[in-house]
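Chemist: Input: one structure, supplied below.
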Amino acid sequence: METDNGKGLILAVASSVFIGSSFILKKKGLKRAGAIGTRAGYGGYTYLLEPLWWAGMVTMIVGEAANFVAYIYAPAVLVTPLGALSIIISAVLAHFLLKEKLKKMGVLGCVSCIVGSVVIVIHAPKEQTPNSVEEIWNLATQPAFLIYVAITMSIVLALILHFEPLCGQTNILVYIGICSLMGALTVMSIKAIGIAIKLTMEGVSQIGYPQTWLFVMVAVTCVVTQLIYLNKALDTFNAAIVSPVYYVMFTTLTIVASAIMFKDWSGQDAASVASELCGFITVLTGTMILHGTREEEQQQASSEHVRWYDSRKSMNEEHLVSLYSPEY
C-alpha cells in the first residue's frame, strides 16, 4: 500500500472509533435532556445544557478531525467506506450501554462490514493530489459536478420544506437523507480545504485564493445542517438504526460525488474497480443486516405486547401505543 494511503487508513480507523463512541454519548445525552425539556426531535435545544451530549460532541469532533486529515492523504473511495467500523463500535456500545441488544445476525453484519472494508483497502486507488486550490475549484465547477450539486440541493430543499413537516417524525429517510446529501458536499469541500492546508504547510500558500474561503463557507454551512438533522434523527429513532442507514446513504452519495468531482477510478483497471465495488456492496450488506436485526426485534416486541409499533422514540425506550391503554 502506498505511504499516503497507509496514513489515511490509520486515521480513518481511529476516526471510526471516536465517531462510533460519540453516537452513544450523544444519544444518552439527548435522552437525559428530553426528560427535562423539549426533545430535539420536536425542535428543542435543551441538549445544549447536557454535559454528556457535549462529551459526545467533543468525541465526534476528534473523530471528524482524524477523518478530515485522512481525506488529505487518501481518496474518498478508501476513507469513506471505512466509516462502517463506526457502526460496529456504536452497535457494540449500544448493546452494553443503551440495552439495544446485538444478536447473532448483528454479529454477522459486523463481520461483513469488516470483510468488505478489508477488500476496499486492498484495492484502493492512489489519488493524484491537485497542485493548487484553483485546480480543485476547476474540478468543482465542471458541468457534471455542478449538475450533481443542483440535484442535491433541490432534493434537500424538498425534504426540508415539504417532507419534514409531513413525515419527518415517522420516516427515518427524511432526516438521514438531509444529513447524507449535505454530508457528501461536506466531504468534497473538506477535502479541498485539507489539500489547501497541506499545500500551504509545504510552502505553497493557498490562503490568498478566494476559492479557499468559498470552500470553507460551504463546509461550515453543510456541517451545521448535518448536525441539526442528525440530532433530530438520533432523538427520534433508535441509534442502532440511525447509524447503519446514515452510513449507507452517506457513503454511497460521497463515493458518487467523489467519482464525479475527483475521478477517483480514473486509471484503474476493471478488476480493481470491480473488487472495490464488491467490497462496498459487502459493507452495505453488513449494515443492512444490522438494520434488519433491529427491525425484527422491534416487530417482535410489538407482537409480544399486542401493540402497534411506532418508529419514533420516546424519552425512555421505543414508543409503543397499547391497544389496551386507557387513553385509547
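Glycine residues also receive a Cβ, built from the backbone N, Cα and C atoms like all the rest.
Remember, it's a predicted structure, so these values are computed and weren't measured experimentally.
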Chemist: Can LEU102 and GLY208 be said to be on one side of the membrane, going by the domain names in Swiss-Prot?
Modeler: no
Chemist: Same-chain Cβ contacts of the transmembrane segment (176-196) under 8 Å, 6 or more residues past its ends?
Modeler: 68-69, 71-72, 76, 80, 129-130, 133, 136-137, 140, 149, 152, 155-156, 159-160, 164, 206-207, 209, 212, 215-216, 218-219, 222-223, 225-226, 229-230, 233, 242, 245-246, 249-250, 252-254, 256-258, 261-262
Chemist: Between 52-72, 105-125, 143-163, 241-261, who has the most Cβ pairs under 8 Å to the transmembrane segment (5-25)?
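Modeler: Looking only at 52-72, 105-125, 143-163, 241-261, the most contacts with the transmembrane segment (5-25) come from 52-72.
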